[in-house]
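To keep things clear, I will list the structure first and then write my remarks on it.
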Amino acid sequence: MRTPLIIGNWKMHKTVAEAVAYVTAFLPRVAQVTDVEIGIAPVFTALSSVATAAKGSTLRVLAQDVATEGPTGAFTGEVAAEMLREVGCYGVIVGHSERRRYYGETDAIVAAKVRRTLDAQLLPVACVGETLDEREAGTALTVVERQLRAIAGTLTPDEAPRIVLAYEPVWAIGTGRAATPEVAQAMHRHLRATWEECFDAPAAAALRILYGGSVTADNIAAFTSLPDVDGALVGGASLAPDGFAQLIQRSQVASA
Ligand code: PEP
């Protein structure tokens, strides 16, 4: 039984004050939700305050990125995984397509970040996904499988249960053009089958794979009702506490 997980990725939005006000408004709206794990990923500067505001609740706080190095060192501008844990983080989004695309993160860099995240006892939410060109060229499965195998290659078999994957087709992120349920299910099934090749059948059965890309309160149910989709990574639709709470409630109805 895989507990559904829904994470809001706020990207570069919200001041500390706005982030804390969000949490204060959001928590009562999801207080009755018990069978979905919920996370939010604020900017670095808001992590500590958000973690404090979330204390005593089940809300998970995640960072949006982490250094490849650590726990300390001469790496100007970077934040080590241990430092994220110190301020109350539960996990880290690693290898988001915006990091791969705008900041040159390669499969090797993403794998190193997964490694550092695990070494600091945090949960990596590792993102994979193909571009529109790759999908149109018919290479989506092979591209995403390559990204996945780079991540799997950094893990020992006993670490396989300590990671969450997010399939986020690049062409669906922030575009309002979500993948169809058929496309998402086919990719998630392929990722699970690849995980079984990398590890074993129990590891594949336990792996949580989130879908991300233009998920809203209106379409969440179409994804969470799929057999190989175990939740969502949500960008724009996580920015307002009312809307994100509604999205989470609707996901629950779908998986009930
Ligand atoms: C994301 O940022 O990971 C994402 C999926 O964004 P959006 O939901 O806005 O498409």
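A Cβ is built for glycine as well, from the same backbone N, Cα and C atoms used for every other residue.
Automated prediction, rather than curation, is the source of TrEMBL annotations.
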Among Gly39, Gly174, Gly243 - the residue TrEMBL places in the same substrate site as Asn9, Trp10, Lys11, Ser214, Gly235, Gly236: Gly174
Neighbourhood of His96 (active site, electrophile), C-beta criterion under 8 angstroms, separation at least six: Asn9, Gln64, Asp65, Cys127, Glu168
Other CB atoms, at most 10 A from the CB of Glu168 (active site, proton acceptor): 28
Taking residues Asn9, Trp10, Lys11, Gly174, Ser214, Gly235, Gly236, which bind substrate in the record, the widest Cα spacing (Å, whole number): 14
DSSP-derived structure type at Asn9 (substrate binding site), helix or strand or else coil: strand
